[in-house]
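Pulled from TrEMBL, these are the features on record:
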type	residues	note
TRANSMEM	14-41	transmembrane segment
DOMAIN	15-148	domain 'EamA'
TRANSMEM	47-67	transmembrane segment
TRANSMEM	79-96	transmembrane segment
TRANSMEM	108-125	transmembrane segment
TRANSMEM	137-154	transmembrane segment
TRANSMEM	160-179	transmembrane segment
DOMAIN	161-303	domain 'EamA'
TRANSMEM	191-210	transmembrane segment
TRANSMEM	230-254	transmembrane segment
TRANSMEM	261-280	transmembrane segment
TRANSMEM	286-304	transmembrane segment
Amino acid sequence: MSSMRSNKSRRDRAFAYLAVLVYASIIGLSFMYTKVALAYASAIDTLALRFTLSFAAIVILVATGVFRLSLKGKPWPRLLLLALMYPLGFFTLQAFGLKHASSAEGGIIFAVTPILTAMLAGFFLKESTTLRQKLSILLSVFGVVLIFVMQGSSMDLTNAAGMLLLFLSCLVSAGYTVLSRFLLRTFTPPEVTSFMMTIGCVTFWLASLLDHAANGTMNQILTPLANPDFIWSILYLGILASLVTAFSSSYALSKLEASKISVFSNLSTVISIAAGAFLLGEAVTVYHLIGSVLIVAGVIGTNVKPKPKEAATLRDTEQSVPKNNVV
């Protein structure tokens, strides 16, 4: 019996790592599709149409029995706080932040998200990390920062307001990861994913309608759909970059620690570089390779199984800390 449980646990963790790799790969490619979509529609319209597709896919999955939802008797209002963090809080802060700061500054700031996640997970979930894991997280962050800095990027203090909003988006992202990990003790990944996509669809459509009503452009809401490039981009963003990534991260968080999952977000930088090279013919320099190696090494170092001595230290730490609820 114990052998069967052990095999199931290993299988679950293997699927969790596969899910988070899928997540990082999709996010890494999403920047190209976002850039294409924003050439035809505003950020808020893109989000509205993006989450409309996600919601439509959810309806199909529930109707066909692929997703089974059972919120009866569960504290579903807690999911409202989760949805407030992501997608609502994250995308809103990111959109306004990028209006007052460069995308390069955003990339540098977003790289610190795994650090914030590890800190919040340690405080709220009492998830301990070894010294090696802490250093590995820092290594992955350094890899991302190195790539952006060597590209000529820097932090311009005149963009302080934008950088603050981007930092808050990182904090919200970290909070979402930690709260998801906690709520997934009660809710299933399909339930969390379905709730998030539904709230995102309703909220961003309301924002889009209000924006067009204020500007007298209600007849232009669906204009971007006349462009094939926009349609392909919004299909990728709505189905893969929203629905699939939300489910993948939720599934992974139900099996693995938050700090281990979060560091994979930096892997999306490596995916972006590879995609740019193979799909767009962009040049790959030595610093791209060095930074990518540091990122991958950091991800591996964070997730590799602790040595017996490290594992014993983690158990001692966890036993000495009282367990507290997040909400």
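From the backbone N, Cα and C atoms, a Cβ is placed for every residue, glycine too.
Just so you know, TrEMBL annotations are computer predictions that nobody has curated.
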With pairs restricted to those 6 or more apart in sequence, evaluate whether the transmembrane segment (137-154) and the transmembrane segment (286-304) have 3+ C-beta pairs under 8 Å.
yes
The transmembrane segment (79-96) vs the transmembrane segment (191-210): 3 or more CB pairs under 8 Å:
yes
Take the transmembrane segment (230-254) and find every residue of the same chain, 6 or more past its ends, with a Cβ under 8 Å from one of its Cβ atoms.
15-17, 19-20, 22-23, 26-27, 29-30, 33-34, 36-37, 39-41, 46, 49-54, 57-58, 87, 177, 180-181, 184, 188-190, 192-193, 196-197, 200, 224, 261
Mean of pLDDT values spanning the domain 'EamA' (15-148):
93
Stretch of maximal Cβ-Cβ contact with the transmembrane segment (108-125) [cut-off: under 8 Å; candidates 14-41, 160-179, 191-210, 261-280]:
160-179
Any chance the transmembrane segment (191-210) and the transmembrane segment (47-67) are in contact, meaning at least three CB pairs closer than 8 A with a sequence separation of 6+?
yes
Is the transmembrane segment (47-67) in contact with the transmembrane segment (261-280), using three or more Cβ pairs under 8 angstroms as the rule and ignoring pairs under 6 apart in sequence?
no
